[in-house]
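Asks: Dropping a structure here in structure tokens format, bear with me for questions.
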Amino acid sequence: MGKGDPNKPRGKMSSYAFFVQTCREEHKKKHPDSSVNFAEFSKKCSERWKTMSAKEKSKFEDMAKSDKARYDREMKNYVPPKGDKKGKKKDPNAPKRPPSAFFLFCSEHRPKIKSEHPGLSIGDTAKKLGEMWSEQSAKDKQPYEQKAAKLKEKYEKDIAAYRAKGKSEAGKKGPGRPTGSKKKNEPEDEEEEEEEEDEDEEEEDEDEE
């Protein structure tokens with residue numbers, strides 16, 4: 001997400017979030033000088049929400065709908081600042097970058113190290129794998145290097161086909177439409193992106209060994 005970007009639209013609120021906000025305002029009016037125990041307050045709100053009828057909840061659901069419309073409208077007009085990660089979304093259909101010979105070696109030997117040393121941290125595991133890899137002879141490394149070369153060759157063919165397909169589809173569509181509506185799936189995309197980044201970072205750490 002665009003951390004620190006003051007122009008980024010405020011996130012949309014759920015019907016329950018509006019309900020909690022209303023409860024908080026009511027509590028402040030009744031007890032202006034008393035502090036709120038957040039955990040206890042949240043529990044009470046949750047219990048109260050469960051006992052409410054659909055008719056009582058509809059007021060908050062309407063508020064959530066109008067806030068969602070506001071958010072979608074603002075996101076369509078929102079332009080992320082240059083360098084913002086969300087400006088270049090990863091296409092889930094894009095071919096995945098091939099692993100290196102070392103990464104293939106790690107994938108094969110990591111489970112063994114984890115079973116032998118269950119308390120070992122990720123960093124220490126990566127370090128141990130790096131040491132093991134450096135101790136391998138050129139002959140022992142060869143199967144991994146051959147497999148990595150084949151995967152790289154396949155990736156290069158796949159990415160060329162993917163890019164060619166992207167260009168032809170862009171030509172058919174003509175001038176691009178605003179893609180702000182895609183932002184609805186932003187939290188899920190972020191999680192995927194973070195997972196992929198964790199993998200990439202681990203691979204980079206291992207390559208440095």
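Every residue gets a Cβ built from N, Cα and C, even glycine.
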Asks: Candidates are SER35, SER58, SER137; I want to know which one Swiss-Prot annotates as phosphoserine.
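Replies: Swiss-Prot records phosphoserine at SER35.
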Asks: From the set LYS30, LYS85, LYS182, which residue is assigned the annotation N6-acetyllysine by Swiss-Prot?
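Replies: Out of LYS30, LYS85, LYS182, Swiss-Prot attaches the N6-acetyllysine annotation to LYS30.
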Asks: Need one number: mean pLDDT over the DNA-binding region (95-163).
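Replies: Summing pLDDT over the DNA-binding region (95-163) and dividing by its length gives 86.
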Asks: Only counting partners 6 or more residues apart, tell me which same-chain residues put their Cβ under 8 Å from the Cβ of LYS114 (N6-acetyllysine).
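Replies: Listed in sequence order: LEU120, THR125.
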Asks: What is the interatomic distance between the Cα atoms of CYS106 (cysteine sulfonic acid (-SO3H)) and SER100 (phosphoserine), given in whole Å?
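Replies: Cα to Cα, CYS106 (cysteine sulfonic acid (-SO3H)) and SER100 (phosphoserine) are separated by 10 Å.
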Asks: Among LYS30, LYS43, LYS90, LYS141, the modified residues in question, whose Cβ has the most other Cβ atoms within 10 Å in this structure?
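Replies: Checking each of LYS30, LYS43, LYS90, LYS141, the winner is LYS141.
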